Protein chains: 2
Amino acid sequence: SVNPDLASERQTASFCVEKLTALLDGGAEQTRIRRAVVEAIESDPVFSRENQYFQTQNERYEAAVMKAVHLQKKMHEMGWTENGPEYKYIYRALSGDVAFLLHRVFMRSISVLGSDKQIAKWIPLATQHKLIGSYAQTELGHGTYLQGLETTAVFDTATQEFILNTPKISAMKWWPGDMGRSATHTVVFAQLYIHGKCYGIHPFIVQIRSLQDHSLCPGITAGDIGPKMNFEHIDNGYLLLKNVRIPRENMLSKFCEVRPDGTYVRQGSQKINYFTMTTVRISLISDEVLTPLMKACTIAIRYSVVRRQSKLRPGEQEAKILDYQTQQEKLLSQLAAAYAFHFINDYLQELFNRGYREIQNKNFDMLPELHALSSGFKAVITQHCTAGVEICLRACGGHGYSLLSGLPSLYTKILASCIYEGENTILLLQTARFLIKCFMAASSGQPVPPSVTYLASVKHSKCPAKNKLDFLSPDIYTEAYQHVAVRLISNTAAKLQDLVQSGVKKHDAWNQCTVQLVQAAKAHCHYIAVKNFAETVEKLEAKAGIQKIMKHLCDLFALHGIFSNTGAFLHDGYTSAAQMDMATASYLDLLAVIRKDAVPLVDAFDFTDKSLNSALGSYDGQVYQRLYEWAQRAPTNQMSPAYERYLKPLLHNTLSKL
Amino acid sequence: SVNPDLASERQTASFCVEKLTALLDGGAEQTRIRRAVVEAIESDPVFSRENQYFQTQNERYEAAVMKAVHLQKKMHEMGWTENGPEYKYIYRALSGDVAFLLHRVFMRSISVLGSDKQIAKWIPLATQHKLIGSYAQTELGHGTYLQGLETTAVFDTATQEFILNTPKISAMKWWPGDMGRSATHTVVFAQLYIHGKCYGIHPFIVQIRSLQDHSLCPGITAGDIGPKMNFEHIDNGYLLLKNVRIPRENMLSKFCEVRPDGTYVRQGSQKINYFTMTTVRISLISDEVLTPLMKACTIAIRYSVVRRQSKLRPGEQEAKILDYQTQQEKLLSQLAAAYAFHFINDYLQELFNRGYREIQNKNFDMLPELHALSSGFKAVITQHCTAGVEICLRACGGHGYSLLSGLPSLYTKILASCIYEGENTILLLQTARFLIKCFMAASSGQPVPPSVTYLASVKHSKCPAKNKLDFLSPDIYTEAYQHVAVRLISNTAAKLQDLVQSGVKKHDAWNQCTVQLVQAAKAHCHYIAVKNFAETVEKLEAKAGIQKIMKHLCDLFALHGIFSNTGAFLHDGYTSAAQMDMATASYLDLLAVIRKDAVPLVDAFDFTDKSLNSALGSYDGQVYQRLYEWAQRAPTNQMSPAYERYLKPLLHNTLSKL
């Protein structure tokens with residue numbers, strides 16, 4: 001039975017939930033396929049996550065390996081293939097709680113970086129799981145800056161082998177997933193040396209464990225890097241190489257080859273590699289970043305209509321906490337962001353598909369723009385969604401802090417997305433570098449990529465809004481965002497130029513502007529996200545109430561950004577104080593409007609109870625019963641030896657006899 | 001041997017580190033006493049936290065109980081008493097990793113709420129640990145709003161007993177520390193009923209476990225609430241009462257008594273109770289909030305001078321990451337906040353000591369101000385420090401994400417401080433209510449408490465700064481903060497009044513202003529923190545370089561707040577855009593200045609390696625060696641059964657035979 005406080009929220013939906021779900025999925029047929037996958041996975045007890053919050057790191061790892069192995073059978077049974085329409089839903093259905101994710105990266109790196117011969121040799125072995133692959137790039141002392149990697153691969157012409165070494169402790173490979181305990185092979189990135197000359201970083205296939213008994217190969221030291229904030233199910237590992245010899249054929253050689261005599265030959269264009277990095281950044285947004293925020297919103301919003309606390313008006317029943325303006329402000333702005341980022345993700349996916357087609361035709365013109373967009377949006381979305389999940393957690397008070405709410409795990413996992421695949425600050429600075437270049441080009445009348453043509457256009461110097469309703473006009477707020485982005489980019493470009501002209505060296509000048517460059521890059525992405533949301537809403541069908549509620553969310557997303565960052569809009573007087581007060585009034589009014597549809601809006605994400613794995617967020621809203629039942633199963637409710645050992649002697653008063 | 005990259009940072013300190021440590025401790029003698037306690041605790045292997053990051057919740061609980069019992073012996077051995085000068089350092093030395101913290105709350109609640117007879121009976125038993133006490137207030141469905149608690153205590157005149165019941169699941173006690181597995185007694189808060197009439201919430205002493213065999217008493221259901229985001233060492237518990245009878249004498253009766261015939265008598269003033277709540281909020285700031293932020297700063301800043309990444313200038317060695325402006329902006333602003341909040345904590349402690357003396361003289365005039373300050377600062381400091389620890393964690397990249405860095409545990413623990421002892425948003429609204437009242441009073445010329453007299457004073461309507469150096473003048477920035485606080489409070493008061501005058505009911509009007517009321521309360525606290533820091537610096541001796549570096553930190557704290565919240569200062573034109581650019585320039589300039597003293601400034605916090613328990617933050621900066629050694633000891637580096645069970649069949653190719 002559904003908690004009546006939750007049930008009543010569903011009766012007044014202003015739109016058709018099922019239609020919105022289909023929109024999010026990209027069509028009703030996709031919804032059907034996704035639900036079939038979820039059903040097949042969730043009905044299989046091997047994939048259960050029921051006891052996850054009670055398990056140790058070791059138990060989590062075991063379960064993830066078991067699931068990965070079972071998944072192969074399941075796919076076979078169900079007729080699912082890696083190229084089939086079901087594949088993209090499997091990971092979501094498993095909530096990512098499965099091993100061997102790096103095996104796919106191992107395979108992809110061979111496909112992209114390997115010669116045809118290498119692909120022909122290794123891909124079938126990997127596909128049939130005759131080996132387990134990993135990907136060893138990051139070192140203990142080196143992350144984002146790949147040129148700084150210290151692992152060496154010295155070519156020995158006598159034996160036609162590469163000799164791999166970890167010259168010092170900071171060169172140890174550190175973090176690669178699946179490497180701590182599972183992998184038999186890995187792709188190692190190392191500095192290539194031939195006849196004493198360094199040719200830079202290259203990828204090498206190295207076997208690290210025996211295929212017979214899984215013991216470490218000669219010269220290999222490897223293990224698990226220990227406990228982390230999350231990812232208990234993954235055996236992130238370390239790897240030390242001591243005179244490990246591999247045949248010449250194991251250097252991945254699509255782009256560079258070492259001939260038997262030691263001649264180094266570079267062939268083809270490596271540009272496709274950069275494209276791979278950018279697509280990885282975009283591909284993680286959906287599964288690793290948006291899904292957790294959507295789950296957190298679902299949990300926190302359902303809980304907030306079931307939880308009652310204090311009285312809004314004297315004499316009444318205690319109020320649902322979602323009826324408090326402060327709670328609405330916390331949660332509904334996250335909900336709006338989840339939708340905004342869903343739509344920008346669609347936009348980015350489309351752009352990257354187009355980019356991929358161009359690149360296959362040997363046209364690399366789109367690369368700089370794609371790199372800037374993928375870097376900037378990876379950073380902005382991971383940062384925003386991580387903060388959003390934390391807000392959802394805190395908005396649930398004490399119960400949010402229990403692992404049983406599901407929120408702590410969502411938070412500790414999504415937090416990692418701000419760090420991996422490029423640390424966010426570094427990525428934003430890459431976007432900023434592109435923006436400054438484009439701004440300079442646009443200023444001197446040169447052509448620039450489509451997403452930055454706005455840098456050349458000068459519009460109003462004052463916001464034309466006359467009353468608070470004007471701030472519900474997408475033209476008004478989109479232009480305000482655009483104005484801020486242009487101002488921050490142009491001001492920072494000017495500061496850079498001033499510094500250099502006053503004699504500061506170029507690199508020092510850049511460093512002295514980085515705090516502001518980061519702001520500029522964020523403003524650019526924020527503008528594009530707002531613009532894209534507004535354009536998406538424009539194109540929606542008006543029927544079934546979908547367009548109307550999406551318009552509200554778009555307005556809220558835009559106005560929340562203005563309200564949270566008023567200084568950017570007020571700075572040069574583009575927005576006056578009076579206009580800011582209008583925007584604030586519209587923003588706060590919207591909260592009460594969207595609050596009415598809050599539950600239907602999270603229902604549309606269509607998460608099953610099993611996938612939420614939360615005592616607070618289930619569809620029926622039976623929060624307290626579930627917390628109590630669940631707690632009773634905790635390992636901490638088994639008899640503790642602490643009583644006999646410590647408490648009994650204490651209570652029976654040995655201490656007072658001291 | 002100290003890592004040379006770290007050693008070099010200490011050679012150029014602009015001030016005497018030992019003198020700053022003494023200042024933070026409140027005198028060199030205090031430093032001596034603290035170090036003696038730390039030395040005694042850390043040299044005792046029973047108190048070791050060496051394996052903490054590898055332990056399960058059960059193991060953490062066991063260890064905490066063991067430590068709590070051992071601590072009693074230790075205190076006896078060392079001659080430490082609860083009233084001695086050493087006592088306040090013990091908890092810090094243990095990093096809070098000890099059981100029975102609620103035993104002290106149990107004792108304090110009896111001391112404050114009990115009659116002399118009750119105190120005479122229970123306090124000696126508790127002091128001698130003949131029982132273990134807990135404190136059961138929060139319920140599954142009820143937190144901050146105490147009037148909503150549902151547990152009942154019905155007086156039975158026939159037997160002279162109270163009959164306690166949990167009428168429904170949401171009334172179950174939930175969260176009390178030490179109750180899940182340890183406590184034998186607890187103070188239960190319940191709605192008192194006599195002859196069918198409800199007299200509201202009262203405290204009752206209830207035995208829950210046998211003193212002989214620790215089994216649950218009749219009518220009691222109790223256990224552990226399961227895994228949480230942190231506090232694995234604490235057995236937060238649940239408690240269900242079913243017709244539990246306790247003698248009439250067990251209702252704590254300093255302020256209210258039930259006579260044998262059922263007559264209810266209220267005696268004395270309960271105001272002291274509110275004072276207790278406010279002092280708890282202040283007392284947690286130092287141990288639970290400032291210490292974690294100071295530890296996080298120590299870890300992140302030491303790591304940031306050891307970690308090298310990318311090149312600042314071409315041709316040079318990779319740069320220390322603390323040399324990047326963005327890293328300085330992240331970390332040094334947290335460092336400045338740690339100092340700012342240390343000094344505001346001193347201010348609050350002093351104020352509360354004065355308040356306590358007044359109250360002992362039956363003068364309760366200070367109570368509203370103390371309540372407003374304790375609520376506001378509890379919220380502002382916990383929020384700021386929690387965000388600060390997260391920033392430190394993320395600023396350490398991947399290594400910050402490892403539990404071995406110590407940062408994840410600091411974060412997951414400090415996060416709880418935003419929720420317990422009053423959820424932050426609710427507390428800020430209490431402060432706001434006080435501010436609005438005072439503003440109305442001040443506006444009509446009535447006297448107001450000292451901390452809010454500024455609400456009546458009108459100063460400049462424009463910031464008088466003429467160049468960027470002016471923003472290093474405490475008068476300039478303190479006045480700017482004051483102006484913002486007055487503006488936000490007065491604007492919100494006006495909005496409230498407008499709403500009510502336009503016919504909105506008072507309670508609804510309040511709710512419609514809460515988002516802005518929260519902002520106003522924060523602005524008030526921020527202003528007082530800045531003013532207090534500036535006044536503290538003013539009073540410091542100029543010698544040994546202390547005053548100079550503290551002045552820099554004060555400036556940074558103030559300018560960081562302006563830079564992060566420019567809209568508040570720009571809104572009504574108090575600060576012009578040109579002035580904001582000056583403030584920003586001063587802010588960014590300061591980063592480079594303070595960066596030179598960053599390591600000495602965290603050294604002054606004087607944390608031992610054992611208390612940091614971090615592979616990244618040790619005094620010698622041997623980061624990589626320690627990460628590697630530590631990881632090898634992880635339980636995940638013991639042989640896993642996953643190979644035999646799952647990997648071997650997979651690799652030996654059962655799958656491909658499917």
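The backbone N, Cα and C atoms fix where each Cβ goes, and this holds for glycine too.
Lifted from TrEMBL, the feature list:
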type	residues	note
ACT_SITE	A:Glu421	active site, proton acceptor
BINDING	A:Thr138, A:Gly177	FAD binding site
DOMAIN	A:17-132	domain 'Acyl-coenzyme A oxidase N-terminal'
DOMAIN	A:274-436	domain 'Acyl-CoA oxidase C-alpha1'
DOMAIN	A:474-651	domain 'Acyl-CoA oxidase C-terminal'
Within reach of chain B, those recorded positions of A:Thr138, A:Gly177, A:Glu421, CB-CB under 8 Å: A:Thr138
Around the Cβ of A:Gly177 (FAD binding site), the count of other Cβ atoms that are within 10 Å: 22
Cβ neighbour count within 10 Å of A:Thr138 (FAD binding site): 20
Nearest-integer angstrom distance between the alpha carbons (Cα) of the residue listed as 'active site, proton acceptor' and A:Thr138 (FAD binding site): 11
Residue counts (helix, strand, coil, in that order) that DSSP gives for the domain 'Acyl-coenzyme A oxidase N-terminal' (A:17-132): 84 helix, 0 strand, 32 coil
